[in-house]
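Input: a single structure, listed below in structure tokens.
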Amino acid sequence: MGYEKQAFAKADVLQLLKEYGSPLYVYDEEVLRNRCRELRTLVKYPHFRVNYSAKANTNVELLKIIKDEGLDVDAMSPGEMYLEMKAGFTADRIMFIGNNVSRDELQYAVDRNIYISVDSLSQLALLGEINRGGQVCLRINPIIGAGHHEKVVTGGKKAKFGIAIEDLPKAQKIADSYDMTITGLNQHIGSLFLETEAYVAAAAQLLDIAATLPTVQVVDFGGGMGIPYRHEEETRLDLHKLGQELDDLIATWVEKHWPIMVRIEPGRYVVAECGIILGTVTAVKNNYNTYFVGCDIGFNTLIRPAMYDSYHEISVVPAQNREYQEYEQPVYLVGPICESGDILAHDRVLPVCREGDGLIVHDAGAYGFAMASNYNSRPLPAEVLIQKDGKIRIIRKAQSLKDL
Ligand SMILES: Cc1ncc(COP(=O)(O)O)c(C=O)c1O
Ligand SMILES: N[C@@H](CCCC[NH3+])C(=O)O
């Protein structure tokens, strides 16, 4: 392997860092549009819509592109609904999927005519109080769970999300008592699957439940479609297979029952691969026979490795021309945060780094900036977009010390 294989094809990394500062989030419009199109055409069934799960990335300029590609959106909070409306999404293209939300937060959605999913009997009654006679979607806990880490599995008896299937008769009673109509069912089994089995089994189960509720007009199977973070070892999710399996399920159901709107709710798949983080090597050392490469990308900038032990491919862009040479042993790539867990990559084979070298963290478009923080009072980085025409545009300014 050499440096040339590791470069980010579309831009001059060192130049971008010079111009916009380090670290820096960089997005590629073309990749984003391609991912949207793949999902929009996932199934052939005509009453099918994709809700982009905006928690993965709420940059308004990216949301505008996603809207332009014909996707709808979900929201977890008034903040997300606000940003989505700023991007031009109308209320009928937004779904509020609350989890332990307050009366005021529900009211925010009711006031704007945004469709709401509740995920407990208690929240259903609360919504009934403020929106008597309205429509409601119920989030089911499908018991089936999946995910890349226990912290992102959202279906199962110990997951905090959703209404237990056995409580559906109680939910119907509560809805009736407020003259509310249950018009939708949604679920989300967890985040990041690369095989289709669990998702399709859970979808089949949701359709079975829908068949018992004649008022239901929409089912939302949830998100979780994964991407291969380990480029060499993992294979892509087979979208063709997933689409066919879902189409088969839906066709069989519709033949027996009634035409229904089908939705999915992917976040990561839409935005992960269009985004990278650029950073800079700030210090290098060998302590007690372990190499540490210090850089300016801490868990304030990307928390996934620290929180879930997630893997992201890393590339090094040398500041000066030099021959490619790897460290004789795997190294720790660490950030500037005052925590021992501030590790971007451990036991990683890397070329020998020098202060000032550029770094690329790949596949960082989902749950990257969205989960970034001001910990250690470090300003949030800028975000730039490489447009289809190749031009580069800033889509969020870096924070300054004053912003803190
Ligand atoms: C309710 C809900 N829908 C959709 C998503 C999107 O998940 P993913 O980014 O894995 O597609 C999540 C996050 O896990 C979620 O909690
Ligand atoms: N934040 C998680 C995804 C799931 C969170 C939403 N339920 C990740 O970075 O992988």
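Counting starts with 1 at the first residue shown.
Every residue gets a Cβ built from N, Cα and C, even glycine.
No curator has checked TrEMBL annotations; they are predicted automatically.
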Arg268, Arg304, Tyr308, Glu339 bind substrate per TrEMBL; candidate in Tyr229, Tyr288, Tyr367 listed for that same site: Tyr367
Site co-member for pyridoxal 5'-phosphate according to TrEMBL, given Glu265, Pro266, Gly267, Arg268, Tyr367, out of Gly190, Gly224, Gly298, Gly335: Gly224
Neighbourhood of ligand 2 - recorded positions from Gly224, Glu265, Pro266, Gly267, Cys338 with Cβ under 6 Å: none
Long-range Cβ environment of Lys55 (N6-(pyridoxal phosphate)lysine), under 8 Å and at least 6 residues apart: Met76, Glu80, Gly267, Tyr367, Ala370
Filtered binding-site residues, from Gly224, Arg268, Tyr367, whose Cβ is under 6 Å from an atom of ligand 1: Gly224, Arg268
Span of the pyridoxal 5'-phosphate site, taken as the largest CA to CA distance across Gly224, Glu265, Pro266, Gly267, Arg268, Tyr367 (Å, rounded to a whole number): 15
